[in-house]
Amino acid sequence: MLIYTLKRLLQAIPTLLIVITISFFLMRVAPGGPFDGERQLPPEIEANLEAAYHLDEPLPMQYLRYMGNLLHGDFGPSFKYKDFSVTELIMQGFPVSLEIGGLAILLALIIGLPLGIAAAIKRNSTVDYLVMGTALTGIAVPNFVLAPIFALVFGVLLAWLPAGGWNGGALPNLVLPVVALSIQQIAYIARMMRASMIEVLGSHFIRTARAKGLNEGEVIFRHAIRTALLPVMSYLGPAIAGIITGSVVIEQIFGIPGIGRYFVQGALNRDYTLVMGTVVFYGVLIVLMNLIVDLLYSALDPQIRYDD
Amino acid sequence: MSKSLSSFFKGRRALLPLGVLALSSSLLATPVMAETLNIGVMGELASFDTSQVSGGVWESQVLMDVFEGLLKKSPDGELLPGMATSWDVSDDGKTYTFHMREGAKWSDGEPVTAEDFVFGWQHLLAPENASKYAYMLYPIKGAEAVNTGKADADTLGAESLDDGKTLKVTLNHPTPYFPQLLTHYTAYPVPKHLVDKYGKDWVKLDNIAVNGAFKPVEWVSQSRISVKKNPSYYDADDISLDGVNYYTTEDRNAGISRFRAGEFDVLRDYPSSRYQWLTENLPDATHMSPMLGSYYYVLNNREGRPTADKRVREALNLAVRRNVLSEQIMAGSFKTSTGMVPPGTNHYEAQHMNLVSDDMSARMAKAKALLKEAGYGPDHPLHLTLRYNTSDEHKKIAIAVAAMWKPLGIDVEMANAEATVHYQTIQQGDFDVARAGWIADYNDAENFLTLLHSGVGNNYGAYSSKQYDDLMDQAAQTQDLDAREKLLEKAENVALDDYAFIPMLTYVTRNLVNPEIEGWADNVGDDHPSRWVHFTD
């Protein structure tokens, strides 16, 4: 298992290298630069700016410089947020995104899994239709519709919770963004769990278990759920990586200082270093999450072993 | 509504920690309120180092609260003495002598001297600091040469005299708007003693010292900047607020919710589409007033473009119904305009393009005749490319304008791109008609009219008129304000008679302001220093 883990980590290096290289050049191919805007700058000032950020060097040279700095763990200064380095921005924003995203996933699992299981057991009953109908609505209503409605209803009209702001992560400030972020996940997880559960309940080993005379509770909790969780697990890897790296919609609507918006704003501002920093960070997270999921697989399913 | 709104605001003022409260109430028998102003701003400050600021209007809100230039602004935007208590101007208008305020201090207790201004300006102009807005100081003698690396920093026409008690500034030309420029953040002082000590890290909150009414104490990137009253500020006793929080609020609709929930006292913009709703539901809080900003369409005057023909440019101008754009498309949240320089500009009378008549059918008839004369008609329809930067507002206006041109048989192809790409494309001249906007850097007509001067980078349409350029150059050398005004107005009329561009709308300031605050007033610069603000009881 240890060898397997090391092997996977080594394999991740070329993957990340390719991701970084492609992103670096794609970013530069995009028209416009970090200093283009509504006001054209005098050529001398533009030259000063380019020299300050080494943008006047040939592209391959800039690439080597970037990779060299990266090896030292230096993501460089942000082009836009001058008082912070990219590392500082990510380190300040990531714990916030991790907290909001982690809680949202937790909430989604706590609610989504039992709903999916219940719907599968009571297949084609009122419970099933109710759960699946609600889940479909959850998937269909996007965040950017849901979040402002939450802020309006619970923040303004009922005034139960703050309409926005982070406030150092105080509980009342967490509720709305976490719930808004989790609703879609609850829906996905419930649907996935239901489908997977139905498949498992119809399989041979469950029939055998029932034939052995096990009661229904034991069949479901000891045998069916464990197996049915596998597809949900493989969905969770990338989903967690996606959610804990922030959601630009939720962050902007609730004014939360996460890192989600850096992806979008960095790209729009052509803040090359910030975009690269977030891409590398996201890439590493995806690799790690997938690895963790694969390792958990073997814990859930004895047929999967990583002995080599 | 205003009543329930006020009750929302009651809970906003944070109480001091309980211990202090208990102590003070037992002593004074009245609770002590910590008055903090909460402002929703549309973006985040790029840096507390004024040479690194990127130019967003939200940045000047924070910077004007923590720094002070030689002059400062009143709530109405009038100029007042700041770090200089008085100044003399030489007869030729080219030399300014500023007498520095005695006893003015940085927040770390060091005195603010003329030397800090000289250093601050040199810092801004240093090529290696790559300041985007360094050109704002180009009226100062030698500034351009220093910024382009052709001369040493000490050749700059700014000298500290009498041990830093006097600042002598020499200009290239008499520049009537120079005092205006001094309130802009590019002209703020920089604490030399801290830059010497910490280098680039002088702006880190542990190191920074400021000379304004408030001092930064916390910065959560993308969320909030908090400042507290600066006890070293010379007018500290007159400052009513204990602190200000600036919340980064990119989503303007979310900003409205937070304002309504009482979390913000001021929201520095709202979507124009919400104007109607806000005036009906929050009438006391909704502010809208004229601003020094022009929304116009650039016409490509380059050879080979259909818009290089003056008759085409006139026809396009005639067919635009500006009142429809203002009232119906933008729901009253822009004012109509038929000139480049907006009304309200200092020492300037707004000029108007000759649009033949108010009667649309007469205008359309004239436009049709002009196009026919230029060789366009059913057999040879005029085809135009209209470019705009991606935004709902720009899109609505572009669609409306294209529809207004349709009866003339004009076939409009629309293309939109994000701002970065849009401006790069139009700078290269690849368009016929393009959306552009200009918000004044300082309150002077020259700032707008330079957009039509030959060879200027922001003259996207490459309009070029010798007569125009001569008048502008003459104005730049003229010290008498009335004579200068006449020259500038004449120049604008040259461009208007050439139908060089399509004037359309004037920007307005849009703010939501808690009716319980005073010392906050609408003004054409949309500048609102927090030092004047106080809560009514």
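Note that Cβ sites are derived from N, Cα and C of the backbone, with glycine treated the same way.
Same-chain residues lying 6 or more positions outside the transmembrane segment (A:12-30) and placing a CB less than 8 Å from one of its CB atoms are 59, 63, 66-67, 70, 267, 270, 272, 275-276, 279-280, 283-284, 287, 291. Residues or ranges marked as transmembrane segment in TrEMBL: A:12-30 (among others).
Sequence annotations record features per position, and here TrEMBL assigns domain 'ABC transmembrane type-1' to A:94-297.
As annotated by TrEMBL, transmembrane segment applies to A:100-121 (among others).
Under the heading transmembrane segment, TrEMBL lists A:133-158 (among others).
Positions annotated as transmembrane segment by TrEMBL: A:170-190 (among others). Listed by sequence, the residues of this chain that lie at least six past the ends of the transmembrane segment (A:170-190) yet keep a Cβ under 8 A from its Cβ atoms are 99-101, 103-105, 107-109, 111-113, 115-116, 119, 131-132, 134-139, 141, 143, 146-147, 150-151, 154-155, 161-163, 232, 235, 239, 243, 247, 250, 254, 256.
Residues or ranges marked as transmembrane segment by TrEMBL: A:232-254 (among others).
Look at TrEMBL and you will find A:274-297 (among others) tagged as transmembrane segment.
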Remote residues contacting the transmembrane segment (A:133-158) - C-beta distance under 8 A, at least 6 residues beyond either end: 115, 164, 175-177, 179-181, 183-184, 186-188, 190-191, 247, 249-250, 253-254
Cβ-Cβ under 8 Å with the transmembrane segment (A:100-121): same-chain residues at least 6 beyond its ends: 127-128, 131-132, 135, 174, 177-179, 181-182, 185-198, 201, 220, 225, 228, 232, 236, 239-240, 243-247, 250, 256, 258
